[in-house]
Amino acid sequence: MFLQNAQVDCSKALEDHITRAVVSLKRTLALSVVLNPTFSAWILPNRSHGSMCQRVFGHMFTPSHMLRPKLIHSPLRAARRPLPDTLARNPELAHEHHLHGTARTSLDPGKTPERGREGEAPRRGTGDVLSLQLFSSPGFQRTAMFTSVKPFEGQHYSSLKRQCLQSEELFEDPLFPAVDDSLFYLGNRIGRVHWKRPGELCDDPHLFVDGISAHDLHQGQLGNCWFVAACSSLASRESLWQKTLSVLSFLTSLLKRLDPFGEWVDVVIDDRLPTVDNQLVYCHSNDSNEFWSALVEKAYAKVYGCYEALDGGNTADALVDFTGGVSEPMDLLEGQFAQDEVARNQLFERVLKVHNRDGLISCSIRATTVEDMEARLDCGLVKGHAYAVTDVRKVRLGHGLLAYFKSEKLHMIRMRNPWGEKEWSGPWSDSSEEWKKVSKSEREKLGVTVQDDGEFWMNFEDFCQYFTDLILCRLINTSYLSIHKTWEEEVMRGSWVHRGEPLRNRAGGCINHKSTFLQNPQYVFDVRKVEDEVLICLQQKERRATPKEGKGENLAIGFDIHRVELNRKYRMHSAQQKVAGSIYINSRCVFLRKELKEGRYVIIPTTFDPGQKGEFLLRVFTDVPSDCKELSLDEPPQTCWTGMCGYPQLVTQVHVLSAEGLQGQDANGASDPYVIITCEGEKVRSPVHKDTRCPSFDTKGIFYRKKPKEGIHIEVTLFSDPNDRQEQHTVYLKDKGSRQDNNVPGTLTVRLITCTTLTNI
């Protein structure tokens with residue numbers, strides 16, 4: 001998809017006027033090009049003023065009965081984690097982890113649960129009010145408007161708790177009742193279901209048994225390996241799951257945080273779980289008396305309408321929900337990492353960096369047909385199935401002290417199958433001979449075990465050979481107190497709204513639709529470093545929550561980035577220089593990482609087809625503040641002062657492309673030039689170009705002019721009226737400080753576009 005440069009059609013002719021240019025040199029300060037009566041372009045050598053103006057895919061995991069194109073990704077695992085420090089220090093509070101006890105009159109966490117009549121055992125799992133929170137992006141934590149928690153569907157945990165205490169009745173969630181409608185929307189496919197509380201399934205139910213581990217999660221009768229893989233990743237990171245899963249002091253309330261479109265949401269559930277033959281139907285733990293994974297899954301199902309809405313999904317979405325991070329999908333086939341050793345080593349360093357900074361990682365082998373879904377390969381891996389990456393290491397080979405002096409280290413990656421079985425059987429599998437090359441102490445550090453628990457190690461070269469898709473969920477650091485790189489985050493909310501009037505339409509489709517593309521929402525931001533890495537994430541509002549109306553398929557979305565004039569304040573109406581663009585895919589999030597040069601840019605988020613409606617969240621991360629904001633106005637607004645001060649009659653775009661053969665400013669004959677464009681008191685200045693006499697400025701300014709006929713004596717004539725079809729001009733530079741017509745070395749190439757219709761550029 002591309003957009004050709006378009007000629008600007010002016011709506012009416014303008015009275016001929018002559019625009020003339022004088023190019024001159026102010027010997028140690030500036031080369032000036034006057035482009036018309038109100039323009040002047042300055043090329044500043046800046047050699048003696050060195051410090052001046054330096055500021056300046058994924059793949060969708062889908063059940064075999066409904067394969068459809070989309071995007072994926074996720075996760076991670078590790079050894080079992082201990083309970084939170086606050087619970088470890090307070091055994092009485094830790095008792096709250098147990099799922100037993102009826103409604104209790106005391107809310108003191110230091111008191112044990114109230115028992116029944118004398119001689120009776122505590123009543124098990126009878127009426128726990130479970131509260132789960134949907135998490136927002138880390139950047140929101142610094143913004144006051146996002147510090148409060150929004151109750152999901154108006155259900156307040158404290159209010160429900162109070163009602164249960166007063167009525168001494170077990171909580172039954174009226175918004176997610178124990179009926180088939182909470183399970184299915186396409187019909188029952190598993191038989192008669194009984195909803196039971198944990199105390200009815202075992203004698204000693206707990207939320208957590210010996211802390212949290214990725215081994216606590218096993219996929220049930222639901223095609224949601226994507227969700228289970230994300231939970232496995234979460235379980236491997238204590239700092240993350242303590243934020244996402246915690247325990248309140250009333251009964252055994254579970255707190256979970258997710259990110260349903262960039263805001264904190266508190267989701268309350270009861271503890272009734274679907275069972276068949278006294279066994280949990282869906283997600284469950286290795287330990288029959290541990291229930292945190294089943295309850296987290298229930299809360300997620302409530303948010304999206306029913307359990308079946310989780311059948312087939314995108315692991316990257318769940319990772320973002322749990323962490324508020326940014327998921328970057330990578331196509332390992334397209335990157336040719338299996339064949340290119342240099343690229344593979346660079347990728348490993350990126351994966352290792354994400355892992356070491358508490359990011360979550362997932363991978364998969366793409367299934368291209370229905371028959372491929374969940375097909376097992378000879379090596380033991382499963383196609384169309386989400387794996388959680390639980391560790392990434394550089395492993396020393398050898399034994400004893402000599403191993404520490406060897407430079408050779410093997411790149412290794414550990415994964416987990418959410419099924420809890422079916423492992424990799426190739427080199428470095430649990431019982432392979434390769435482990436004899438590694439010392440016993442090193443094997444213990446890596447946690448190598450010989451058991452079919454679904455977790456296994458692979459050489460990174462084999463990993464790139466078999467796996468096709470990788471998701472890196474980065475936890476973007478926005479804290480100024482961190483020792484790691486700190487990102488500046490800008491969050492913008494918007495919507496695609498179709499309207500008949502072109503200037504008001506905000507649903508123009510992708511760049512293939514040239515006549516409507518620029519009618520989409522537009523967001524401007526600045527790159528203030530010579531070059532900066534920019535992360536951009538476009539997220540559409542989840543449609544999975546409306547399954548009964550047709551599953552709520554996501555729109556195909558994406559965005560383009562255009563480099564624009566340094567002083568643009570109003571919406572684009574003609575094509576500019578496209579510098580980057582995302583893929584278009586019907587996933588919830590689209591991500592792009594790009595190195596951009598200093599300048600001003602406009603992001604245009606779109607749906608693939610025009611006329612489609614939807615809400616979106618745009619997140620922009622840069623190294624320094626970018627001042628990202630929406631361009632909502634098409635032209636300068638008329639105010640009460642317009643009659644007195646006048647209103648623009650013309651809009652002119654000045655594009656200084658390059659200069660050649662400039663005069664040297666130091667002993668080596670080099671220069672540090674930059675250009676300044678001025679018009680009616682407004683200035684635009686380019687970045688400094690170091691050590692060159694032939695700079696490629698590529699600097700643009702846009703000016704809304706009130707005085708198009710104001711004359712000036714100039715030496716070189718350029719025609720800049722709307723009827724002038726010649727855009728590009730090359731002029732010779734002259735000495736501004738001399739009264740003589742003395743030429744100085746150098747030429748300047750400039751492109752001009754002038755229109756009488758202010759919404760043409």
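Each Cβ is built from the backbone N, Cα and C atoms, and glycine gets one as well.
According to TrEMBL, the protein carries these features:
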ACT_SITE  CYS225  active site
ACT_SITE  HIS385  active site
ACT_SITE  ASN417  active site
COMPBIAS  111-126  compositional bias 'Basic and acidic residues'
DOMAIN    170-476  domain 'Calpain catalytic'
DOMAIN    632-761  domain 'C2'
REGION    95-127  region 'Disordered'
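Where TrEMBL records a feature, it is marked here on the structure.
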| residue | record | DSSP class |
| --- | --- | --- |
| CYS225 | active site | helix |
| HIS385 | active site | coil |
| ASN417 | active site | coil |
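Rounded to the nearest whole angstrom, the C-alpha distance between HIS385 (active site) and CYS225 (active site) is 7. All protein chains shown were included, and the count of other CB atoms within 10 Å of the CB of ASN417 (active site) stands at 27.
Of the recorded residues, ASN417 (active site) and CYS225 (active site) place their C-alpha atoms 9 Å from one another. Cβ neighbours within 10 Å of CYS225 (active site), excluding its own Cβ and spanning all shown chains: 27.
Around the Cβ of HIS385 (active site), 24 further Cβ atoms fall within 10 Å across all displayed protein chains.
In this model, the domain 'C2' (632-761) carries an average pLDDT of 75.
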